[in-house]
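**Student:** Below is the structure I would like to discuss, written out as structure tokens.
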Amino acid sequence: MQEKVKIPEDKPYIILKGQAKRTTEIVWDDQSTWDDQSTMTTSCKARLSYLWPITSLLKASVLGIRVIILLTRNTLGPPAVAARVSGDMTVFHRCEFYGLQDTLWDNQGRQYFKRCTVQGAVDFIFGGGQSIYENCAISVLGGALGPGVTGFITAQGRSNPDDASGFVFNECNVFGSGSALLGRAWRAYARGIFYRSNFTDVVNP
């Protein structure tokens, strides 16, 4: 499917389910301001005021949005968002997000990514989300930046000490080409945790 997909705030409880990652693709070529360039955008808020345990959330698809087996790609080289997530309690399971810079805009809300792939070279997982990435593949395209140029995997946007946002990578694999730092502080109190994850030599210490 070559078009932009937008799920607005007033359309909760949606499931997007593809047949397979290689046959179900959302593709677009665009760059602009972040708000209107995204290939896929979700803004739906959950109607509950508390967070269910992740195991329950995976089984209860009626909360927020659940996306299963989907490939989202922004094929333009410069900063170009493949997906922007601004809702709450969104689940992505076995999805893939491809770009070079600013691939996945984990903008805000509580999100869960399970067995997903995110690819890019610069700030390719960024935003102010409060998110868990579990058993995910983080694919670095640092080689596309040119010799001697180091990229950044995350740019987290926690803005103050009381901000609950942050990215947690649990049992993820980081690999690819070139060189990248695990993250940079997009805001003053940026927070990113890599726990029990595997790094190849693509990670610049």
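Even glycines carry a Cβ here, placed using N, Cα and C.
Sharing the features that TrEMBL gives for it:
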DOMAIN    2-205  domain 'Pectinesterase catalytic'
ACT_SITE  Asp123  active site
**Student:** Suppose you look only at the domain 'Pectinesterase catalytic' (2-205); what would the mean pLDDT be?
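**Tutor:** Mean pLDDT, the domain 'Pectinesterase catalytic' (2-205): 79.
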**Student:** I want to check the contact list for Asp123 (active site): same chain, sequence separation of six or more, C-beta distance under 8 angstroms. What comes out?
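**Tutor:** Long-range Cβ contacts: Gln101, Asp102, Phe152, Thr154, Ala155, Arg184, Trp186.
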